[in-house]
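Encoded as structure tokens, the structure appears first; notes follow it.
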């Protein structure tokens, strides 16, 4: 915790233990109504296929927001458009009121992004990769170094700091990607499938870190297939199916008395009662 | 009861048991995958069509040439066919290394989970090669050599019969080289091997040039001798059979037939060994490189900024990613090639002043494939909102760090060996200028042109379908622009060489550097501005390639 230079309005607690309440982002304090992420009418086509068909969501500042949906619902596409990785055909995405596609540099400074399905520069060591991301976001060398050390310790990766990322397991790769998303102390974290193939202990550690981040004033959006996890971890949730928002609100509002999983199946449909073909049942 | 009745039909009945039908499935799989890839990417489709048209052009030229040869009934027909044929076979072995031609669809590693024997996979790989465009063209051209023996009907028939033998030799040879090269690239010693190979070549450059220029000179009367020698090798034996039959040398023809058949058997045997070794290695993936001793590595050398970080990362990649090292291999080879090609002109050693510019024509724009090599990892730059100019600068710095000392060393070696040290200032001026201009060009080109490149896990010699023509367009495009932009400096170098004027020699130094610096300055800015506008769209195209 030596020479951190906090970005404007960023809780200075990201890599270290949470220091709640001390740092409420001043901008948000001035405009308490400004959502961390507001997307309006986002839409994207891939050839003939409409991946995202007019999604609007408002993610309140300081919330832990879950994004759930069946495979191919458009979660990754939506998050990519919101974080400036994929140009939307229609609609806008505002990060704390800053338009991602009008002022990308300013907006991207506020977002930490763990994208799903993109490569990492995996011929770097873990330490080098985190350093790389820190320098890309414009931090100075001393800050990058101390934060990278903090992050690697926080994610139990010190032992692998000098190992090439290409030699990491899938779970370790997720963790190092998370470190890369956190290094510039963003106010909004967008995590696409952060718990995929992460072992239960690491997942619990990551959850603690995220909770600390949220209680320090940060906002987290996670997409996940695990209803259980979202139900336990998030305070808000949106259900996306076929490129549209089917339900959104606080977790209690969305599950409406039932479990999130039952509610999800009910909203999305597609369950069928079958035992599979005969040749798979007789041995 | 029901279960018992069902069991017999459950058993492997629906599975195709015969290896031949598996071969058919595998070959059609390769084409299905290729077609699907081409449908997803219009430019690769265009590239494939240009490639096919080019193939048709080659066929047409072969048809005309062979007919003319046949009608002329020249005594040199056999010699021409043996030499050209040997070069074709040799080319099959070398081309995949030069042009990234390996098709990895039938990579044994991908079939590890299927109950398919390596022998079946090998047959499928060979057959897939035979029905690819180069395979078809080689087979048809080999059969068309029958036309050249139009006055010797027996030789004509034998030439057609030898065509499959020739094709099989080509396919086996190329597969053997590919398998060995891929194994080499997969080994963790690869970059050390490439590095030492380059060092050895740079060191040998001098003695080789000095030694060979005193040796035998190529003249017309050695050509028949060369054909005679080639006919005893696996490369030329099959082509020599019809020629010897036409001469009435039955014993010679039979001996060559034995050699040709034995070559096929030997190549098949060697390839089998290499292939099985590769397949077993694929089943037990070794850790790529383990630990790194120096934690920060090149990050220490560059400023702690976005551009500096990109430079450090790129420099690491130049060493650690075998796809990069490939483009450096030609650095020591090119001056040698230049000397070899130009020595016929008997122009004197001063011509060697152009060896370094010639080499740089092929290397100075190497970074134009950088973003394609990044693949979707480029998302890191997009999501952090890296300024285009920082991206461009970082990539250029890394390459310049590496190539500038190499260029200076090669220039000094060439100058000392060829006795043209007095021209060194001019050569360095033009050379470093070309490096700067080349990076400027690559900065603009790579902001919109994406070369289809192998994935990082693939062999650096793997190819994407239809990439041949596109890579050629990209490479020659950047080369052409570099040639035009550095033309003034090259002309000045020409005058310096022609007149031997010390003033001109020293004048070329600042002029070359100045031109290079100017185009570097323009290119980095222009490319950066394009990238600022189009980075997300570039990323979307990279995701499509992947």
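Glycine too: its Cβ is placed from the backbone N, Cα and C atoms.
Annotated in TrEMBL:
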- B:42-64: transmembrane segment (TRANSMEM)
- B:76-103: transmembrane segment (TRANSMEM)
- B:124-150: transmembrane segment (TRANSMEM)
- B:156-181: transmembrane segment (TRANSMEM)
- B:193-217: transmembrane segment (TRANSMEM)
- B:253-274: transmembrane segment (TRANSMEM)
- B:328-345: transmembrane segment (TRANSMEM)
- B:351-373: transmembrane segment (TRANSMEM)
- B:394-417: transmembrane segment (TRANSMEM)
- B:423-451: transmembrane segment (TRANSMEM)
- B:472-497: transmembrane segment (TRANSMEM)
- B:503-523: transmembrane segment (TRANSMEM)
Contact between the transmembrane segment (B:423-451) and the transmembrane segment (B:328-345) (at least 3 Cβ pairs under 8 Å, separation 6+): no
Other parts of the chain folded back onto the transmembrane segment (B:156-181), taken as Cβ under 8 Å at six or more residues beyond its ends: 85, 88-89, 92-97, 102, 122, 125-126, 129-130, 135, 138-139, 142-143, 145-150, 234-235, 238-239, 241-242, 245, 253, 260-261, 263-264, 267-268, 270-271, 274-275, 278, 459, 461
Surrounding residues of the transmembrane segment (B:124-150) on its own chain - C-beta under 8 Å, 6+ positions past either end: 22-23, 26-27, 30, 51-52, 55, 58-59, 62-63, 66-67, 69-71, 73, 77, 81, 85, 88, 92, 103, 105-106, 156-157, 159-160, 162-164, 166-168, 170-172, 174-175, 239, 242, 246
Beyond the flanks of the transmembrane segment (B:253-274) by 6 or more, those residues with Cβ under 8 Å of it: 118-119, 122, 158, 162, 165, 168-169, 172-173, 175-176, 179-180, 183, 231-234, 237-238, 240-241, 244-245
